[in-house]
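Structure first, then comments.
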Amino acid sequence: MDDHLIARRLNSSPTDDDKTVPFNSWGNTVDTLQYGLAFIVVLVAAHPLGLFFPKLFKLPLITGYLVIGIIAGPFVANLMTDGLVNMMSNDVSALALSFMSFQAGQEIYLPELRPQLKSIMILLATLYVTAMLIMSSAILLVEDAFFYDGMGIYCQLGIALMFGSISVLGSPATVMAIKIELNSVGPFTSLMLGATMTAEFVVLLSFSISRIVCSIYCAKLHVSMLNLAYTMGIVLANIVVGVVLAGVIILIFKIPAGRPHRNHLARASQRM
């Protein structure tokens with residue numbers, strides 16, 4: 001069965017249209033427009049429905065949106081079908097992640113965050129070590145019940161470290177949604193926000209290292225220094241792009257405003 005599946009994949013034409021990519025061909029243009037319209041309708045309808053959760057159940061808005069998304073998804077009401085999810089999930093996730101990252105960076109005020117850098121590092125180190133030890137130990141202890149039973153110890157260790165890295169990661173979307181909804185400010189909010197944002201970078205490095213370990217000992221792939229340099233290059237490229245975009249945004253906000261028109265000044269003086 002596996003050989004037959006591999007043969008089918010190897011013999012498939014590279015020019016076959018991928019129906020899961022929006023506007024990939026003229027054939028799926030109509031499907032893309034239909035799925036996009038259906039997604040917009042569900043998205044617009046989910047906003048007022050989600051507002052009932054804080055009023056009726058005293059739950060955060062993001063909880064209401066999650067429940068509405070589950071109900072509208074293919075497993076309950078099927079308002080968003082499997083085809084819609086397969087086609088638009090990657091693009092919507094990338095767009096949402098961009099907005100969340102930008103909003104998170106906007107909420108971080110460095111002068112307020114600088115005095116708490118030591119506390120953020122202590123909190124992050126405690127969270128990382130605790131989560132990694134608990135999750136990695138649990139994954140190694142229950143190996144008999146999962147797919148990696150019988151694999152080498154280093155392969156199992158790489159899988160355990162990968163799951164442990166994922167367990168460290170919090171949800172920036174949840175933190176930002178609750179912060180904006182409650183309009184919370186203060187040292188504790190800055191501490192949690194800074195730790196959550198810093199954990200993103202730490203988990204990225206930890207997951208990359210765990211993935212390399214799995215590639216070597218599980219998939220038996222040859223990993224050279226060039227592969228490591230390529231992985232680190234991707235991380236550094238993301239940092240460079242973020243710095244460049246931040247510089248562009250700073251320059252935009254430093255553009256001097258135009259002088260007010262005389263008529264506006266005259267009307268303002270008359271109102272005074």
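Cβ coordinates are placed from backbone N, Cα and C, and glycine is handled just like the others.
Note that this is a predicted model, so its numbers are computed, not measured.
Taken verbatim from TrEMBL:
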- 33-52: transmembrane segment (TRANSMEM)
- 47-250: domain 'Cation/H+ exchanger transmembrane' (DOMAIN)
- 59-80: transmembrane segment (TRANSMEM)
- 122-141: transmembrane segment (TRANSMEM)
- 153-178: transmembrane segment (TRANSMEM)
- 190-209: transmembrane segment (TRANSMEM)
- 229-253: transmembrane segment (TRANSMEM)
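Here the transmembrane segment (59-80) has long-range neighbours at 38-39, 42, 46, 49-53, 173-174, 177-178, 181, meaning same-chain residues at least 6 beyond its ends whose C-beta is under 8 angstroms from one of its own. Away from its own ends, the transmembrane segment (122-141) comes close to residues 156-157, 159-161, 163-165, 167-168, 191, 195, 198-199, 202, 206 of its chain (Cβ-Cβ under 8 Å, at least six residues beyond either end).
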